[in-house]
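The ATP binding site annotation in TrEMBL covers Gly226, Gly227, Pro228, Gly229, Thr230, Gly231, Lys232, Thr233. Sequence annotations record features per position, and here TrEMBL assigns compositional bias 'Basic and acidic residues' to 12-23. Look at TrEMBL and you will find 93-103 tagged as compositional bias 'Low complexity'. Marked as domain 'UvrD-like helicase ATP-binding' by TrEMBL: 205-558. Per TrEMBL, region 'Disordered' is recorded for 1-31, 89-111.
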Amino acid sequence: MSTPAADPLGARPDDPLSRERSHLASSRSALRAMREDVESLDIKDVTANWVNAEVLSRQIDDRIKALADLSDTPLFFGRLNYLHAPGAEQAEGASKGPARSASGKGGGRRAGEQFYIGRRHVHDADGDPMVIDWRAPVSQPFYRASKKDPLDVSLRRRFGYTGGDLTAYEDEHLMDPAEAAATSKLLQQEIERPRVGPMRDIVATIQPEQDEIVRSGLGGTVCVQGGPGTGKTAVGLHRVAYLLYAHRERLARTGTLVIGPNKSFLHYIEQVLPALGELTVRQGTVDDLVAHVEVRGTDEAPAAVIKGDARMAEVLRRAIYSHVTIPTEPVMVVRGSRRWRVPAYELEAIVRELLDRDIRYGAAREALPQRIAHVVLVQMERSGEAPDDRVQDAVARNAAVKAAVKAMWPPVEPAKLVLRLLSDADFLAAHAEGILDEDEQKTILWAKAVRSVKAAKWSAPDAVLIDEATDLVQRTHSLGHVVLDEAQDLSPMQYRAVGRRCTTGSATVLGDLAQGTTPWATRSWDEALAHLGKSDGVIEELTAGFRVPTDVITYASRLLPHIAPGLTPVASVRENPGFFDLRSVADTAEVVAACEELLRNEGSTGLIAADARIPALAEALTSAGIGYIDPGEETTVETRLTLVPASLAKGLEYDYVVLDEPQAVVDGEPDERTGLRRLYVALTRAVSGLIVTHAAPLPSQLA
Ligand SMILES: Nc1ncnc2c1ncn2[C@@H]1O[C@H](COP(=O)(O)OP(=O)(O)OP(=O)(O)O)[C@@H](O)[C@H]1O
């Protein structure tokens, strides 16, 4: 890497670093000019009414925000020199002219084109690009080109920044056989950078195997199995940003959603997309998606497992359609002096036809009056009348028709239906017969019958059942793309809930089978994809670890044969070995001392412990005068210690971790395998160093 002591004013044109700095300075001015252009727009004359004006001015505000020059986020982080000018298919936006080139401006195919790669597109006063968006086709070789396959790139340059200053660069001459392959120092620096504050983007250092996932097409679903710290979350977020760039209009119409396991995790990741200029992506938990009722109760594991089983979907379907009654009486419609009779066999034919069709219960119910009216209309025509559409509508609204529809196909309220299934043993038995055995039915039945939807103490799995029932009645709106993180913890019914939110779109499913800590955790990704309704999804594996140092991941991987046999252990790409220490301690004071020791380092520290031990540790920290925050809260200069219950550790990371009492973490779970998986999660949160403290013997699987 070159780090010449350069003049910050860029006064030496012969020095490459000076030249790059001056390109940075001119790009910044160009960005400022772009922002000023937007700021000076006067919309008074172009908008016909205040609604348009409102919409336009909001769009302008968003655009100004997107064009902000953030002092701590470099405007570009890389440069590519192409041997030839890239073809039109690669040019950004395809319709625009070629990028600014080392050999001058203008069209045509020229040698030696060079492009700066950054977070957003910046162009000069003539509209020629000065910085190309990392998501543009022409930027792709920055992530993919290799000595083996240079993709027409002769030089790849990576830039290093200190604060907002461009201070270093690193070159790879991809077509020079004599140049030795070396791992990027800037990548190493980036992964070693202390982790203070929320998660940040990785645009400057996305790795080739990650980039393949990031840029895979909108049409397909991708499922990524990856051990701790392999970048699954990062990849999922960058994929949304990429898809929004490549399919902006379509996704603006259909919407995108990122699903994470809990609020503190979502808080941790919420800055990444805005930093990439994407402000419109919704983020939530599965529970948020299915919030039809207030959740005030919990289920014992056995009940939750059955309620989350995909067989429940069939029970619900049967229960809903049990409301349909095949008619045995005709309908008599009186209009003026005439009576029209729709015989029972014709009504039956209509009902059976609607049952056979792949439409929702509610949609069929809405279609029924018109179908009956149509029969009446045909009779009218046969008898010489000439009724029009208005007559058909009037017949459909006729009281006799309405009453018949109510009897044949009554409205169903999803929450009430689930309430009845869980309270009424006979009703459940009638619809679960041959699906759930008697014991299973008993397990999910409430101990006491509940009278109303409001009074019920709904659990999270109940809310998912209500969501399934709701979808049987009325089709759920589908989004264009859904990213599902920590997917391994979802039940089949939860996968279905997510799946119906992307029936017409696609999904990115991210997870690690070894980190599944729910009693219904995913056993195989094929099964998960089937429940999601995306059996054709492609499963990819990531095994290079960017978070956990080698010694720590090697130690944690001892658990793998016990928690997920067959999974490939993560191989750390960190050069810094970090440190790892196992300490036998006498009391919590020594745990606190370990935290104090780690807090002497730069960056964040997490104290992770079994949930049951959190109050005692909180007290010990407080009496030692050490401030701490909860997971999801932002670290500050004064408070860099987070006290993390093991149940909330998933997906988070800290520069340094003290892991308190591994056996207690294992014992905190209902069974040993889940306990060991929880321990695996807790052991894999550290970026630079881990101290494991224990008074009790360590779990034998770690021996
Ligand atoms: N290509 C990369 N360059 C730099 N940092 C990276 C890269 N890929 C991942 N990282 C960093 O590694 C850390 C772990 O990434 P991430 O949280 O996405 O992993 P994960 O697979 O979701 O982990 P877990 O299974 O523990 O949730 C993050 O700090 C992330 O920024």
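For all residues, glycine too, the Cβ spot is worked out from N, Cα and C.
Helix, strand and coil counts under DSSP for the compositional bias 'Basic and acidic residues' (12-23) come to 8 helix, 0 strand, 4 coil. Cβ neighbours of Gly227 (ATP binding site) (same chain, under 8 Å, six or more residues apart in sequence): Asp512, Ala514, Leu542, Thr543, Gly545, Ile553, Leu567, Thr568, Pro569, Val570, Thr684. Highlighted in sequence order, Asp512, Leu542, Gly545, Phe546, Arg547, Val570 have their Cβ within 8 Å of the centre of the Cβ atoms of Gly226, Gly227, Pro228, Gly229, Thr230, Gly231, Lys232, Thr233, the residues recorded for ATP, and are not part of that set. Long-range Cβ contacts of Thr230 (ATP binding site) within its own chain (separation 6+, distance under 8 Å): Leu542, Thr543, Ala544, Gly545, Phe546, Val570.
Classification of Gly226 (ATP binding site) by DSSP places it within a strand. Here Pro228 (ATP binding site) comes close to Asp512, Gln515, Gly545, Arg547, Val548, Ile553, Ala556, Val570, Tyr680, Val681, Thr684, Arg685: these same-chain residues lie at least six apart in sequence, with C-beta atoms under 8 angstroms from its C-beta.
Per-residue pLDDT, averaged along the domain 'UvrD-like helicase ATP-binding' (205-558), amounts to 95 for this model. Gly231 (ATP binding site) falls outside any helix or strand according to DSSP and counts as coil. Spatially close to Gly226 (ATP binding site) yet at least six residues away along the chain are Lys232, Leu510, Asp512, Glu541, Leu542, Thr543, Val570, judged by Cβ distances under 8 angstroms. Cβ neighbour count for Thr233 (ATP binding site) (all protein chains, 10 Å cutoff from its Cβ): 24. Ranking the binding-site residues Gly229, Gly231 by the number of CB atoms within 10 A of their own CB puts Gly229 at the top.
Around Lys232 (ATP binding site), taking its Cβ as the centre, 25 other Cβ atoms fall within 10 Å, counting all chains.
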